Amino acid sequence: MEGGRSWSIESYLNEYFDIPAKNPPGEARRRWRRAVGLIVRNRRRRFGRFSDVDAIDEAQRRKILVRVKQYHLPPELIEEGFCISPDELAAIANMREDYTMLRMHGGINGISRKIKASLEDGAKETDIATRQMLYGANRHAEKPPRSFWMFVWDALHDLTLIILVVCALVSIVVGLATKGWPMGIYDGFGIILSILLVVLVTATSDYQQARKFMELDREKQKIYIRVTRDKKTKEVLVHDLVVGDILHLSIGDVVPADGLFISGDCLMIDESSLSGESEPVNISEERPFLHAGNKVVDGAAKMLVTAVGTRTEWGKIMGTLNGDGVDETPLQVKLNGVATIIGQIGLVFAVLTFLVLLARFLADKGMHVGLLNWSANDALTIVNYFAIAVTIIVVAVPEGLPLAVTLSLAFAMKKLMHDKALVRHLAACETMGSASCICTDKTGTLTTNHMIVDKVWIGDVKFVGDKKNSELKSTISERVMAILIQGIFVNTASEVVKGDDGKNTILGLATETALLEFGLSLEEHLYDDYNKLTRIKVDPFNSVKKKMSVTIQLPNGGIRTFCKGASEIILEQCNTIHNTDGNIVPLSEMQKHNVLNIINSFASEALRTLCIAFKDMDEFPNDQPISDDGYTLIAVFGIKDPVRPGVKDAVRTCMAAGIRVRMVTGDNINTAKAIAKECGILTEDGIAIEGQQLNNKSSDELKELLPKIQVIARSLPMDKYKLVTSLKSMYQEVVAVTGDGTNDAPALHESDIGLAMGITGTEVAKESADVIIMDDNFETIVNVARWGRAVYLNIQKFVQFQLTVNIVALIVNFVSACIIGSAPLTAVQLLWVNMIMDTLGALALATEPPNDEMMKRPPVRRGDNFITRIMWRNILGQGLYQLLVLATLMVIGKKLLSIEGPQSDKTINTLIFNSFVFCQVFNEINCREMEKINVLQGIFRNWIFVGILTATVIFQVIIVEFLGTFANTVPLSGELWLLSVVIGSISMIISVILKCIPVEFNKTNTKPHGYELIPEGPEIL
């Protein structure tokens, strides 16, 4: 008791071993490392895989200083026809505000000539390999992969194993002096063999995990960008980018290399990652420098690549961090705390056991031969006592506890990668298991994102179905048709490119592609002509404005602006309309109402609606923006985007799992409601609301309304941000949110789990996310939640298993030392038990795949105790049974089983050891299910579990029957083998009895959508 407060495991863990899942501060990371203190066997293995806090701080402080100096042109560059060195080229972009070097080389045109690149056509395909060799590849400095023997070396740094090696060597020396060759080496050599086996198994496990993480890292680096090479626009991997490439940047991209601005529209760059400047910077011909690592927050542009990889400022900084490990997860830190507590208890038990054994030995020696009469055998006995004490520490300090989290996460992440989910941050995988709410986008996530123009409305006429194109051509005047096609072809961010096979391919977003395909199906031959028109100004689409506009110079003089976007927004900008005859007539309120009815009718059929409009001007207003009125409405489009197969079942699975699904979309509210109903998201008592209405609600109104909100339509990115923060602050929800745009970054960052779309998502969104959904599919999101729950549950199973072994092993050896004066479990035997418990146990239990039952229980509440009452019931029940059985064998086993003769002590100790191991084998099966009685269901689907159990039994037979000389065992009779198996198997009956004992749940509040929460574990005073 301290200050009137009771001490508990959870309060201790929360004080010292609690870190946030996202962006943990450096001090929190240092705090838990300090709290672990000396209770760690192998610091290299325990901490080596985590990121170096000091290295991160150093990288943040590092400033790259670039000085103008004399540059020399290497002969290999001259030979290939290049006229500027890589270092000088890299220095130009780093001059930032100083244009001296750029002007000295003749500006961007001079630079392009010196690197043999065309500002229109890019670099030649045949020069790519040469450019990579001379100017560098677009990769950061990478540490070479660690070999298997380096992991062996790490495992050998376990302090307790080192002490055991010393004990073994002393045992061999003393043994040779007393027993001679070869009898004298058996005890010590047995310990050394056991240590080597532990080291090899540990190193193999760590090596396999490292390989899995390397594969995941390679997947993370697969980023595609659009470049122009040899007059062709194509997508290439970011690592294949070379100096001289013409790179196409658009909103949401992360600039992958240093370069110079060629041309573009309203390009705004976030340079905070390098300069710390919070305000976006406008990049233009007057300020042309672009730097790797910066983000495009608005606009689009083409840039000439001038430096790649480690020659960029960003590349140098990233090179200092590369390979420095991963951030630790909250569960790993908490389990380090549990390991520390158990280790402290184990250390006390080890010291007490050694002192009791030593005291009994000295007392016995004093009574019989005197304390001054010492022999080599006496020294050997004390060495063995010390080895047993050290081995108790090996068993008691569960290194495998926090490492099992890494193993389970690595296994889950590898499986998820095959299932099209790339986990960027380890903590996200475990946090997703606690998700109670998913805020999802509609387009591409719930729908297929394969869009087609299904319906068109022009001048009071609706065109529907397969014949709409022919009917439209025959009904609409040539003037209206020409303006419509011109508006589609010039007002687009997509591009038609010809592939190597001669076929046209459209590069761009799905909505743009649908409109462009529609335009090409009407008048494909006009695309090249209209594409040559001079674009005076382009205002790109973003999720705030919900529209895109383009101003062009007409061939016969005059200016025309096209605008397309969200139907209601474009309609508000129009005061005239084109009729089918080609005449422009005023748009009356009645006609506007009719158009709104058309929009709503399209939307109610789950169609995405867009309007396109135009206005003509005599001249472009250079000194002020184009006004948002005076437009002429051309057409309303209804774009079909079918719901993905399986989404409805996935939503139903979420509901059963206590996960509320909310749809957040920029679409019309009628479209949103129709899609939400089709997906099963919008229920009869649910509410669909527009983003503006959400923002107008007071805090009290929002708190009352929030549990019922299922759809937010016409939402802005900050609406999504407000929804996330409100759910977290008002209802303590664990929120997962999807995002694909640059403006989604705040919501992705604020959420507990940010999910970026791999296909439609921008690089800025992906960079802010914790998980990338590679196929943009909602079913994949549900699969991530399923695996997250599996990770959490698997670690709980492993902790339950390991704590049972810890308790029994510690108490058996300590009580035996006190009562009998010897330890029934020798150092070699304890090392074998430690391997079953640590590495093999983790492999068996931490790699259990998810099952359907996991999605029929509520999520774990934020702040819930990790070790639950159910776990304590199972641990204490199994521990008590094992202690009673082993104590019985220890005290009256020889008499009960009529074991006699010179080998009777060794026989009963071997039986105790064998029974103890088989108790763990069967308890490992019990731990597959903490609550369900049927623990065998699906066991053969997990071949790792079955394989490890089989291997454990086989090795146990070998140790007992054939390695007795080293393991201090004797072969057992068939009856004693059967007895060992029966004793172990009874633990399964004990498990059934324990699971029938009701556990008192803590009183908890229910969540707003009505599910009960998992109970907390007991406090230990």
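From the backbone N, Cα and C atoms, a Cβ is placed for every residue, glycine too.
Per Swiss-Prot, the feature topological domain 'Cytoplasmic' maps to 1-155 (among others); the stated evidence is sequence analysis.
The transmembrane segment annotation in Swiss-Prot covers 156-176 (among others).
Per Swiss-Prot, transmembrane segment is recorded for 181-201 (among others).
As a whole-number mean, the pLDDT of the topological domain 'Cytoplasmic' (202-241) in this prediction is 79. The feature topological domain 'Cytoplasmic' is assigned by Swiss-Prot to 202-241 (among others), with sequence analysis given as support.
Residues 86, 89-90, 92-94, 102, 108, 111-112, 115-117, 119-123, 127-128, 131-132, 135-138, 223, 225-229, 233, 269, 283-285, 287-308, 311-313, 493, 540, 542, 741-742, 761-765, 767 of the same chain lie 6 or more positions beyond the ends of the transmembrane segment (242-262) yet place their CB under 8 Å from a CB of it. What Swiss-Prot records for 242-262 (among others) is transmembrane segment.
Annotation comment: Swiss-Prot describes 338-358 (among others) as transmembrane segment, evidence class sequence analysis.
If you look up Swiss-Prot, you'll see 359-384 (among others) marked as topological domain 'Cytoplasmic'.
Residues or ranges marked as transmembrane segment in Swiss-Prot: 385-405 (among others).
Sequence annotations record features per position, and here Swiss-Prot assigns active site, 4-aspartylphosphate intermediate to ASP441. Of all Cβ atoms in the protein chains displayed, 26 besides its own lie within 10 Å of the Cβ of ASP441 (active site, 4-aspartylphosphate intermediate). Secondary structure at ASP441 (active site, 4-aspartylphosphate intermediate), as computed by DSSP, is coil.
Around the Cβ of ASP744 (Mg(2+) binding site), 29 further Cβ atoms fall within 10 Å across all displayed protein chains. What Swiss-Prot records for ASP740, ASP744 is Mg(2+) binding site.
If you look up Swiss-Prot, you'll see 807-827 (among others) marked as transmembrane segment, on the strength of sequence analysis. Away from its own ends, the transmembrane segment (807-827) comes close to residues 164, 167, 191, 194, 345-346, 349, 352-353, 356-357, 360-361, 364, 384, 387-388, 390-392, 395-396, 833, 875, 879, 882-883, 886-887, 890-891, 908-909, 912-913, 916, 919, 967-968 of its chain (Cβ-Cβ under 8 Å, at least six residues beyond either end).
As annotated by Swiss-Prot, transmembrane segment applies to 830-850 (among others).
Look at Swiss-Prot and you will find 879-899 (among others) tagged as transmembrane segment, backed by sequence analysis. Within its own chain, the transmembrane segment (879-899) has Cβ neighbours under 8 Å at 804, 807-808, 811-812, 815-816, 819-820, 824, 905, 907-908, 911-912, 915-916, 919, 976, 979, 983, 986-987, 990, counting only residues six or more beyond its boundaries.
Remote same-chain residues near the topological domain 'Cytoplasmic' (900-942) are listed as 793, 796-798, 800-801, 804-805, 808-809, 812, 824-826, 829, 832-833, 836-837, 841, 844-845, 847-849, 851, 853, 870-871, 874, 878, 882, 885-886, 889-890, 893-894, 949, 952-953, 956, 960, 964, 968-970, 972, 976-977, 979-981, 983-985, 987-988, 991-992, 995 (criterion: CB distance under 8 Å, separation of at least six residues from the stretch ends). Annotated topological domain 'Cytoplasmic' per Swiss-Prot: 900-942 (among others), in sequence order, evidence recorded as sequence analysis.
Under 8 Å from some Cβ of the transmembrane segment (943-963) lie the Cβ atoms of residues 190, 832, 836, 840, 843-845, 847-848, 910, 913-914, 917-918, 921, 924-925, 928, 969, 971-972, all in the same chain and six or more residues away from its ends. For 943-963 (among others), the entry in Swiss-Prot reads transmembrane segment.
Under the heading transmembrane segment, Swiss-Prot lists 974-994 (among others).
Beyond the transmembrane segment (974-994), the same-chain residues lying 6 or more positions past its ends with a Cβ under 8 Å from any Cβ of the stretch are 873-874, 877-878, 881-882, 885, 897, 907, 911, 914-915, 917-923, 925-926, 933, 935. Secondary structure from DSSP puts ASP744 (Mg(2+) binding site) in a helix. Calculated from their C-alpha atoms, the gap between ASP441 (active site, 4-aspartylphosphate intermediate) and ASP740 (Mg(2+) binding site) amounts to 8 Å. Each residue in the topological domain 'Cytoplasmic' (900-942) gets a DSSP state, and the totals come to 26 helix, 0 strand, 17 coil.
Around the Cβ of ASP740 (Mg(2+) binding site), a 10 Å sphere holds 27 further Cβ atoms from the protein chains shown. For the topological domain 'Cytoplasmic' (359-384), the number of residues in each DSSP class (helix H, G, I; strand E, B; coil) is 19 helix, 0 strand, 7 coil.
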